[in-house]
Each structure stands twice: as structure tokens, then as C-alpha cells.
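Novice: Quick one: the structure is below, and I'll ask about it shortly.
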Amino acid sequence: MGISILLNQILTMYLLMTLGYFIIKKEWLNEEGSRQIANILLKIVTPIVIINAFNTEFSLLKLKELAFTFLLGIILLGIGFIIAHIFLRKENPLEQFAAGFPNVGFFGIPLVQGLLGIEAVFYISMIIVAYNIYSWTYGVYLLSQHRDSIHLKILLTNPASVGLWIGLMIFIFPGILPNVLSQSLNMVANLNTPLAMFVLGSYIAESSLSEIFKSKMAYKACVIKQIFTPLIIVFVLKLLPNHLQMLKMVLLIASSAPTGVTMAMFAQQHEKDYAYGARIISLSTLLSIFTIPFILSIAMRIW
């Protein structure tokens with residue numbers, strides 16, 4: 001994968017994000033409408049993207065690779081949380097959350113799919129599983145500071161998890177999906193990138209640009225999330241053999257993605273500063289146009 005291909009994909013995503021920004025600014029879509037699109041993306045499109053990625057030929061090797069990807073996802077996300085805790089444990093919990101939780105679903109999937117193809121989504125789905133485990137346990141605890149806020153039922157039945165269970169059945173029992181349904185799933189899955197970019201663009205549009213760039217602690221969280229932690233992960237992934245190059249790239253893209261939009265959702269639920277959370281997400285997303293090419297170009301030279 002060359003730098004020109006990477007830049008082309010990122011610029012394509014940002015053009016779609018800009019379109020989402022102007023749709024909100026022109027009031028062709030209001031804030032409630034953008035929330036509804038985010039819900040459609042979260043509850044329907046993302047699970048279908050995962051199901052669609054699992055609609056492939058079964059092999060024991062792929063099954064082992066899935067398990068290996070999940071294990072690495074747990075380890076690499078864990079590294080990010082440890083780093084965030086070390087540097088931000090005395091700060092606002094939102095900043096610690098922002099520095100640890102990447103936007104694997106709304107940003108990671110479109111970038112991985114655009115750069116590496118649908119086969120790579122097969123692997124990033126397991127990182128989403130690892131992400132969900134952390135977000136519905138450690139993430140909820142971080143913002144609520146109460147262990148009783150953690151609900152394992154939600155962990156097992158959230159939309160991405162349901163998509164995984166269905167996808168695994170389709171993968172293990174190939175041929176059970178009718179062709180017409182397979183084509184329909186593929187069409188819905190293709191909505192993921194434009195809708196995800198519209199939603200991210202709407203977050204930026206709903207935040208004051210002058211306010212986005214004011215907070216020093218927000219910058220610190222973003223630097224940890226998008227430069228410091230990914231650089232460490234580049235060297236960790238260098239330990240993996242060269243024949244796992246696609247898997248290494250999927251893991252790095254997921255780790256380098258900007259702050260996850262779940263932070264804003266959890267901030268609302270646990271009565272934290274939602275507006276500040278949305279501003280960190282916006283800042284992180286805007287900075288990623290520079291940080292992701294920087295991190296991936298270093299990885300391509302070192303690996």
C-alpha cells in the first residue's frame with residue numbers, strides 16, 4: 001500500500017465529512033436528524049457490515065486468525081488504556097476516555113475497507129468486539145465511577161455483538177444465506193462509509209470551531225491517543241511475522257483512529273460534559289487527517 005493510496009482514501013473520507021458538515025450548517029438536516037442517522041449506523045449498518053464481512057468461505061486458518069486478532073485487539077487496546085491512565089489519571093475522565101478509546105466502527109471500518117478491502121473488515125470486526133468489551137465495562141466505569149453501572153447483558157446484546165454472532169453462524173455454516181439476502185446485505189454495508197462520515201461531519205458542525213481548538217487538555221489527550229500510543233503499537237506490531245502484514249495494518253489503523261463517538265453517548269448517559277466530549281471528538285477527528293498518514297508512513301518504513 002503506497003502513501004498516495006492512503007492519502008487518497010483519507011481525503012475521500014474527509015470530503016464526505018465536509019459534506020455532512022455543510023448539510024448541518026445549511027440546516028438541511030438538524031441535530032436530531034444527525035442523531036437518527038447515527039442510530040441507523042450504529043444499530044443497523046455497522047452490524048450488517050460485520051455480517052457481510054463474515055459471508056466468506058470457511059477455513060480453520062481464518063477461524064484461528066480471528067481468535068488471534070481478538071487477542072491482539074484486547075492487548076493493544078489495553079496498552080492504550082494503560083498509557084492514558086498513566087498520563088491523564090488526575091484529569092477529567094472524559095480526557096482519559098478520549099485518549100484510550102479509538103473510533104473503530106465509524107472511522108476504522110471505512111478506512112480499512114477503502115484501503116484493504118472487505119476481507120480486512122473480517123478482521124477488524126474482532127477488534128470491535130474487544131472494543132465493546134472495554135467500552136461497556138472499563139469505559140462505563142471510567143465515566144460513572146460505579147461498578148453497578150456495568151451491564152453484561154448489554155455487552156452481549158449490543159448491535160455489534162449481535163452482528164458478530166450472526167456473522168459467525170454464516171461463516172461456520174457457509175451457504176445458509178440466500179443470494180438475494182447476500183446482495184441486500186452488501187448494498188446496506190456500502191452505506192457505512194458515507195453515513196459514518198456524515199455523522200462525524202455533523203459532530204464538527206454542531207461544535208463551535210473556536211471552542212474546539214481552545215482546550216490544552218483536549219490537545220494532550222489527542223496527542224496521546226493519535227501519536228504517542230500508535231507509535232508504541234507500531235513497534236509492538238513489528239514483532240509479528242511479515243506474512244501477517246494485512247492483520248498488522250488493520251490493528252494499527254484501528255489503534256490510530258480518532259476518539260470514539262461512544263464517548264459522547266456515554267457522557268450524556270452518565271451526566272458528564274457532553275458538549276466538551278463532542279469537542280474532543282471533533283478535534284481528534286480533524287487532527288487525524290495529519291496523524292494517520294504520519295503513523296502509517298512510519299509503519300511502512302519500519303515494517
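Count begins at 1; order follows the chain as displayed.
Quick reminder: no glycine exception, Cβ is built from N, Cα and C everywhere.
Heads up, TrEMBL stuff is auto-annotated, nobody curated it.
Got these off TrEMBL a minute ago, pasting:
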type     : residues : note
TRANSMEM : 6-24     : transmembrane segment
TRANSMEM : 36-54    : transmembrane segment
TRANSMEM : 66-88    : transmembrane segment
TRANSMEM : 97-116   : transmembrane segment
TRANSMEM : 122-143  : transmembrane segment
TRANSMEM : 155-176  : transmembrane segment
TRANSMEM : 188-205  : transmembrane segment
TRANSMEM : 217-237  : transmembrane segment
TRANSMEM : 249-268  : transmembrane segment
TRANSMEM : 280-300  : transmembrane segment
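I would like each feature placed in context: is it buried or exposed, what are its neighbours, and how far apart are things?
Specialist: Here the transmembrane segment (6-24) has Cβ contacts under 8 Å with residues 30-31, 34, 107, 110-111, 114-115, 193-194, 197-202, 204-206, 285, 289, 292-293, 296-297 of the same chain, all six or more residues outside its ends.
Packing against the transmembrane segment (36-54) from elsewhere in the chain are residues 29, 105-106, 109, 113, 118-119, 121-122, 125, 128, 159-160, 162-164, 166-168, 170-171, 185-186, 188-189, 191-192, 195-196, 198-199, 202, 261: each is 6 or more residues past its ends and has a CB under 8 Å from a CB in it.
Residues of the same chain lying 6 or more positions beyond the ends of the transmembrane segment (66-88) and with a Cβ under 8 Å from any Cβ of it are 95-97, 99-102, 122-123, 126-127, 129-131, 133-134, 138, 220-221, 224-225, 228-229, 232-233, 236, 247, 250-251, 254-255.
Remote same-chain residues near the transmembrane segment (97-116) are listed as 1, 5-6, 9-10, 12-13, 41-42, 46, 49, 77, 80-81, 83-85, 87-88, 124, 127-128, 131, 134-135, 139, 142-143, 160, 192-193, 196-197, 199-200, 218, 220-222, 224-225, 229, 246, 249-250, 253-263, 266, 277, 280-281, 284-285, 288, 292 (criterion: CB distance under 8 Å, separation of at least six residues from the stretch ends).
Proximity of distant same-chain residues to the transmembrane segment (122-143), defined by a Cβ-Cβ separation under 8 Å and at least 6 residues beyond the stretch ends, is recorded for 46, 50, 53-54, 56, 62, 65-67, 69-70, 73-74, 77-78, 81, 93-94, 96-97, 101-102, 104-105, 108-109, 112, 149-151, 154-155, 158, 160-161, 163-164, 167, 246-247, 250-251, 253-254, 260, 262-263, 266-267, 269-270, 272.
Beyond the ends of the transmembrane segment (188-205), by six or more residues, the same chain brings 13-14, 16-25, 29, 31, 34, 37-38, 40-41, 44-46, 48-49, 52, 103, 105-107, 109-110, 113-114, 212, 261, 264, 278, 281-282, 285-286 to within a C-beta distance below 8 angstroms of the stretch.
Outside the transmembrane segment (249-268), and at least 6 residues removed from its termini, the chain residues within Cβ reach (under 8 Å) are 1, 38, 69, 72-73, 76-77, 80, 94, 97-99, 101-108, 111-112, 115-116, 120, 123-124, 127, 131, 135, 139-140, 143, 199-200, 203, 221-222, 225-226, 229-230, 233-234, 237, 274, 276-278, 280-281, 284-285, 287-288, 291-292, 295-296, 299.
A Cβ distance under 8 Å defines the sequence-distant neighbours of the transmembrane segment (280-300), meaning residues of its chain 6+ beyond its ends; these are 1, 3, 6-7, 10-11, 14, 17, 94-95, 98, 103, 107, 111, 200, 203-204, 207, 212-213, 215, 218-219, 221-222, 225-227, 230-231, 234, 237, 248-249, 252-253, 256-261, 263-264.
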Novice: List, by number or range, the same-chain residues at least 6 past the transmembrane segment (155-176) whose CB is under 8 A from its CB atoms?
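Specialist: For the transmembrane segment (155-176), the list is 42-44, 46-51, 53-58, 62-63, 105, 125, 128-129, 132-133, 136-137.
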